[in-house]
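*Asks:* Here you go, one structure.
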Amino acid sequence: MYTAVVQSAHPAPTQPIEPPAMGKKKTTKFAPRTPSAPPPSELPSPDKPPVVNRTSVSFLYRDSSHVDATSPGPAMDEDTEEDMPAAWSLTKALRVAISRRKPLEKILNEAALGEPLLDNNPNNSMTNRMSRPSNMDDNDKLTLIDLLAIGIGGTIGSGVFVLTGDVQPVAGPSAVMSWLIAGGTCLLSAYSYMELSARIPTRGSCYIFCYATLGELAAVIGGVCLTLEYGISGAGIARSWSDKFSSLVKHNLDLQYGSTSEMSVDFFAAFLQIACISVCLCKLELGKKVILVLTLLKVILVLFLILAGVIPALTNPGEYPNLFENYDTFFPEGVGGTITGSSLLFFGFIGFDEVCCMAARSENPSKTMPRAIAGTLIGAAVLSASAQLALSYLVDFNGNLDDDGEGGTNFEDAFDEKGWIAAKYIAAVGEVALLPLVVLVSFMPQPELLAAMSEDNLIPSVFHEEDSNGVFRKGGLIAGAVLVLITFAVPFEVLWDVISLGVILSFNLTNSSLIMLRCGNGGKKVSNKPVRNLTATLWIISVPGAYLTWLNFCDPKLNDGEVNWPLSIVGFVLLFLSCVVVFLIDRNRQTFCDITTEEDIFMAPFVPYTPGFAIVLNFFLMAQFGLTDHIIFGCSIMFCVSGYILYKSMKHYSKRNRESFRYSKYGKDVEKNFGVCE
């Protein structure tokens, strides 16, 4: 059933007219009604076709999304409608994509959250009323422990086994502080995820946050970024696992087709991806048990690495360096090296937001989601920083164990240098055995994300079809088949930085969503133009400000280069203006009271200053990537957005050409006859 919305210069006197809000055109929604017979003078004659006297007609499709179907001219007949050019439809689709939002009330109603949610009766609370498949039983719910297993299991892998060694030559022992600084930087963005996932506990994470506050186009971009972070990165990790397995068995397992080792087809990586997809497409009860066991084993392995490095240093201090002896020992490259290391280690926390995509399947989401996100960040920071300290005891700052003389080291080589062969093989075998957990956790949110986009008619409906176990099997199989092909044949030597850019952009979209939710439109069908425009201005100013400041001042200062003062001053001015814009957002904020602003729900502190500062810091991180990475990432976004606009344009155009949507079918009385079209 399609409900029409009519804007007419001569509304029917029988319809109640409400005054327009905030200077906007009045929009009146008509309920189904039986049209009354027109006067004899208004009956159409065979010689004179009926003419629609109107100013505009627009439609609300099944998802209640506003689609303006207005075209120039006082009337439109069948020939004009049928001959509508495709460019017109494409332009309308773009306009709708930018402006259309999915109000928070609608999201909560679809998620069965529209009742008085927070009271003393647990049966009526948000904690037990969430958007989960009707076939899901209690065993398929994700508890706080399950969510922590997903978050920590997907986060600490590359951080402990790879980044600890990479940052060692950059910052030395002070890399321990680099981990804490990087974790604090992530915490600024994590606040936004914590509040939004508690207030909107449904599937989609950044995608649904953007749809409620920023618009459909921003939501599509957020969905693309999440696909890069989850699905595509999982494919790359599967290939990394294959390389590590080849190194362990000392035999090359892939078939090279290009000039580099990355340009190869990898059967073992594809088999691993298939196995992980198969587990995810089984009943959720099986998947969460596998993840919980593997995460526990991974934590035990990390604790073994930490104890193997720290205990000998504490029991035999004379044989190990005193890392805290003086400033030069702890900061061999100065504070600059520590800051440079923190920018590298930021990506060791990527994945903490993954639990947000599983909010629809969580138990007690308004409380467990913030705790799961905070617990993931704290757990990853403590384990990674401790592992970094252990590696600093095992390897001298200038000790480089790589054969090519570049990069850092790792626990396997450090144990080998000490002659601890058993510890070396425990580390090597443990990493190969447990790295598939990251692939498994990376794919798990992908069907949930695609289901959310499919429910909003952005992709075909097959992606939100559930089986008897409440699993999006068909959509998961389609997405899994694509990812298996990517794992099998696509080189990842360039894609890793592109994935990182997508992750940071999704962070900033989520931060902007929180600003709009708390200070702007409140996730409602209203428009706070000052805050919306100021949020866009924050992006426009902070991007060049962060890039100019990093490239012309920070990077030269940290690497003993020459500072470009004119451009640096421009960057400083733009950063100052960014702070002014955040202040103006606070001054123009509009407060909305709804069921999700109760005290029992986590609220991020100091909004809009916390998310605003996080946006600027994240653009600093993006500035550290090369031009090629930005071009590839920009082209990827443009390709996906173009496909989305084309899909929506064709769908909208086909709907307009249906017989029930032809204006002339209903005669002159549009207001009566356009009530409901079936």
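Note: Cβ is positioned from N, Cα and C throughout, glycine not excepted.
Copied straight from TrEMBL:
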type     : residues : note
REGION   : 1-82     : region 'Disordered'
COMPBIAS : 35-49    : compositional bias 'Pro residues'
TRANSMEM : 142-164  : transmembrane segment
TRANSMEM : 176-194  : transmembrane segment
TRANSMEM : 267-284  : transmembrane segment
TRANSMEM : 334-352  : transmembrane segment
TRANSMEM : 372-395  : transmembrane segment
TRANSMEM : 425-444  : transmembrane segment
TRANSMEM : 475-492  : transmembrane segment
TRANSMEM : 498-519  : transmembrane segment
TRANSMEM : 531-553  : transmembrane segment
TRANSMEM : 565-585  : transmembrane segment
DOMAIN   : 602-649  : domain 'Cationic amino acid transporter C-terminal'
TRANSMEM : 606-625  : transmembrane segment
TRANSMEM : 631-647  : transmembrane segment
*Asks:* Have the transmembrane segment (334-352) and the transmembrane segment (631-647) got at least three CB pairs under 8 Å, pairs 6 or more apart in sequence?
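*Replies:* These two stretches do not touch.
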*Asks:* Do at least three C-beta pairs under 8 angstroms join the transmembrane segment (498-519) to the transmembrane segment (372-395), pairs 6 or more apart in sequence?
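*Replies:* These two stretches do not touch.
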*Asks:* Taking contact to mean 3 or more CB pairs closer than 8 A (sequence separation of 6 or more), are the transmembrane segment (372-395) and the transmembrane segment (142-164) in contact?
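*Replies:* Result for the transmembrane segment (372-395) with the transmembrane segment (142-164) is yes.
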